[in-house]
Amino acid sequence: MLLSCSSLSVTYGRRKALNAFDLSLRKGEIRALVGPNGSGKSTALQTLAGLIKPAEGMVEIDCRPIGSMSRRQLARHLAFLPQQPSAPDEMTVEQLVRQGRFAHVGLFRNYGIEDEEAIRWALESTGLAGFDNRSLSELSGGERQRAWISAALAQEAQILLLDEPTSFLDIGYQIEILDLVYRLSREKGVTVVMSIHDLNQAMSISDHISLLERGELIFDGEPKQLADSGLIEKVFRVKGNFVQIAPNAPPHFDVELARRTALTA
Amino acid sequence: MTTTLDVRKPAPLWFLPATFLFALLSLSLALFLGVADVAPSDIIAVLTGHGSAEARSIIMEIRLPRILTGILAGVHFAVAGLLLQTITRNPLADPSIMGVSQGATLSVTIFLVFTVYIEDPGSNTLAAIPVEWLPAVGMLGGLVAGGIIYLLAFRRDLGPLRITLCGIAVGAVLHALAIGLIAGWGSARIEVLLEWLSGSLYARSWEHAVFLLPFTIAGLAVLPLIRRSLELLRFEAPVARSFGLSYRRQFSIVLLLSCGLASSAVGAVGPVVFVGLVVPHLARFLAGRHFALVLPLTVALGAIVVTLSDLVGRLAGQADEIPIGVVTAICGVPVLVAFLRKTP
Ligand SMILES: Nc1ncnc2c1ncn2[C@@H]1O[C@H](COP(=O)(O)OP(=O)(O)OP(=O)(O)O)[C@@H](O)[C@H]1O
Ligand SMILES: [Mg+2]
């Protein structure tokens, strides 16, 4: 599935949150969206998911504007993990993940074997196999995050939009989710766009990186080029440098904890 | 498998048949108990097609139609409350709180003023109330109020709490208009209208039940079709949309259904408050995490609550019975408070 958008602009009231945003992904590509807080990552993802109507520009899947699709059609192609979703308290993990099948069963059809299998697979892939009957209100933040990822996976869409999928997870699950995303893209050709704050994870998992600053797309290219551009230090106002650890791996950003010396002084 | 620590016990599946059995039980209780003394043997005789003329008239012409009208109305209010609570994501939503009942009240009042009064300004009897039109007329007003809620929800994009508050304001205005009309009407018939206004099953005949029934059947027939949207409408709009729900369309359908059910019942029995508020809570409490049970339990409990409340009103007041709306208001408040204390 090809996902693309051109000169996308989004305004909230009078504030421009996204300006002339371009993106073009080929099938199976992993794209990381990075940028400081409030730079427009979530806005971009929500617009790609068809949840925000852009003031200008449009989003296309396989050259079809998403505005011309029904919600369900769109949900069969594209699954979206919001940054901080909320669910009804009394809902269980299994019930949440089951909602991911709505795009397939619709309002009337009953759940079939393939639906149950997708649910099971989604639960297992996120390490939630024993949690299906727990209610969401009694989960830890990371467990809840995985339940939502699981719901998005159950949708079995060819495009995955993930807004900070790893933000509440311990390092073990962060890697597990990233591995899963990687496998989905390489084995099933799933196209992924995700916002992520850990630069090194972004560099190592993605094929391309988009860097946003105050709603402007200021970089779009391969991880290696981002390292060479010197933009990271400027945009995030930190000092550090990229070091090549392994010959074929993307460079590793080593940040100087300059602010710590200021604190102890 | 880990077991879970949950204050709400998961409901075993026998809950549902048990509740319907209980509904049947309360129906018979309401049939056998009443101000007029009829021996149980007489009642059974009547039910099997025999019995004295007097017993027949009490059971078949007074009690049974009254109970059945109450059951229908109870189901209407309860389901309407559940639907409204679901789409507004507010556990305090209720047709009698959010202006739907008041819209129905106003339209019924206007209708009565124009038909009864204009046709026969001198008369002091109310025999001429056009019963067959009441559910439909009530529905008209309820839908207008529902339209206002819709506009508030989407045009202004208000959150659940603010929608509810605006609904309350709209309801207060509509209610004041209705009261103003009634006060201006100034006739002896006002007394009967006031009784209707407090929600009453007094002197409900077969006509009331029969003209409400099509609305009940239509409403209940739609329920299986919206069961899955009801699940998704519990989420915030962006989440429901990204799962693939046409949020606005499904919201409108459910809102329409909720207003239609509540306001047609208001037309038949007047605004019975709190049933729509309390019954869904009761149903959710019993259903625990079995969401699929909530809807059928709401139907059964709506019938039970109204039947028993009316029975209490009939027996407690003896000759001057207490209108059911008063009973549900008095009983509903402590039940609601109890539930609110339980929920975190
Ligand atoms: N619903 C909204 N109404 C008004 N302004 C908003 C809204 N959502 C976001 N914004 C503003 O738009 C800008 C971009 O926000 P966005 O959520 O896209 O940032 P982000 O890059 O996802 O940040 P973070 O890393 O903190 O998640 C911010 O300035 C934010 O204040
Ligand atoms: Mg964000």
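The backbone N, Cα and C atoms fix where each Cβ goes, glycine too.
What TrEMBL says about this protein:
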- B:12-33: transmembrane segment (TRANSMEM)
- B:67-84: transmembrane segment (TRANSMEM)
- B:96-118: transmembrane segment (TRANSMEM)
- B:133-153: transmembrane segment (TRANSMEM)
- B:165-188: transmembrane segment (TRANSMEM)
- B:208-226: transmembrane segment (TRANSMEM)
- B:251-279: transmembrane segment (TRANSMEM)
- B:291-312: transmembrane segment (TRANSMEM)
- B:324-341: transmembrane segment (TRANSMEM)
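Sequence-distant contacts of the transmembrane segment (B:165-188), counting only residues of its own chain at least 6 positions beyond either end whose CB sits under 8 Å from a CB of the stretch, comprise 93, 96-103, 105-106, 109-110, 113, 117, 124, 141, 145, 148-149, 152, 158, 194, 197.
A contact links the transmembrane segment (B:291-312) to the transmembrane segment (B:12-33), because at least 3 Cβ pairs that are 6 or more residues apart lie under 8 A. Where the transmembrane segment (B:251-279) meets the stretches B:12-33, B:67-84, B:96-118, B:208-226, the count of C-beta pairs under 8 angstroms peaks at B:67-84.
For the transmembrane segment (B:67-84), the partner stretch with the highest count of Cβ pairs under 8 angstroms, out of B:12-33, B:133-153, B:324-341, is B:12-33.
Same-chain residues lying 6 or more positions outside the transmembrane segment (B:324-341) and placing a CB less than 8 Å from one of its CB atoms are 70, 198-201, 269-275, 277-278, 281-282, 285, 305-306, 309-310, 312-313, 316.
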